[in-house]
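K.L.:
My questions all concern the structure below.
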């Protein structure tokens, strides 16, 4: 890779290319091929989908490099992989494997409860989760090229992704309405770096794409998140924990593209079989909420 490949402009541009698409979690080459054939713009290679990570408990780490390489060899679309928050070496290992993006992810057990990675030190672009403009701006300042809502992974429950997307967008509108001399106080109150807030105010949006993630389980869920302003959709457990992964994958891709065509979404939703089993958020203990990881 050349030095140009790792510049902020190129990293953000690579992420921008995924806009409007669906990124699917996969655990092997067969699932990766299903995702690609269904129209996914990228896949996320990991050992277990979030629902299985949640069910298993314990410590969840970076996937075995063999799985990542197997997925990379099976598809022509970009391949992402997750590292633990703050785990310098997992990130370097994934970079050495040649993945297209690294997700510093709260789905895995954090390695560092104080520091996130300085993503500017890496050639590969990073994806990070956020719940509000403070988290979004901090990750951007660290060098994230793509954001996504945290939602509540592995639950099949869209409510938290909706909450986070609405929160971020409401705060963007608030920042856009502030005078520049009011931004420093806003930065202090939210923990958002002042320079990033200035950029958000100037653009009227985040300077990087923001996808929906964490609870997307149906075509209607995907369309909902697009209508709320998502730039695209991550689907973790929703595809391969459903009754018919191939049908669900195609339907979610189509619904993401045609998110205002309600007749099409109705047609896509017919005869899909059962969606993944969902979890009511109020039944989760605080320590079971993955969205609380990171800051």
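Each residue, glycine too, has its Cβ placed from N, Cα and C.
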K.L.:
In Swiss-Prot, the D-ribose 5-phosphate site includes 25, 154, 236, 237. Which of 57, 129, 215 does it also list there?
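P.N.:
Of 57, 129, 215, 215 joins 25, 154, 236, 237 in the D-ribose 5-phosphate site that Swiss-Prot records.
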K.L.:
What same-chain residues, at least 6 away in sequence, bring their CB to under 8 Å of the CB of residue 236 (D-ribose 5-phosphate binding site)?
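P.N.:
Once residues fewer than 6 apart are set aside, residue 236 (D-ribose 5-phosphate binding site) is near 25, 44, 49, 50, 51, 107, 153, 154, 213, 214, 216.
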K.L.:
Roughly how wide, in whole Å, is the group 25, 154, 215, 236, 237 that binds D-ribose 5-phosphate, by largest Cα to Cα distance?
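P.N.:
Per the listed residues, the maximum Cα distance equals 13 Å.
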K.L.:
Three states by DSSP: which one describes residue 154 (D-ribose 5-phosphate binding site)?
P.N.:
coil
K.L.:
In terms of DSSP three-state secondary structure, what is the assignment for residue 166 (D-glyceraldehyde 3-phosphate binding site)?
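P.N.:
Once the DSSP labels are grouped into three classes, residue 166 (D-glyceraldehyde 3-phosphate binding site) ends up as helix.
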K.L.:
Roughly how many Å lie between the Cα atoms of residue 166 (D-glyceraldehyde 3-phosphate binding site) and residue 82 (active site, schiff-base intermediate with D-ribose 5-phosphate), rounded to a whole value?
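P.N.:
That separation, Cα to Cα, works out to 25 Å.
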K.L.:
So if I draw a 10 Å sphere around the Cβ of residue 215 (D-ribose 5-phosphate binding site), how many other Cβ atoms end up inside it?
P.N.:
30
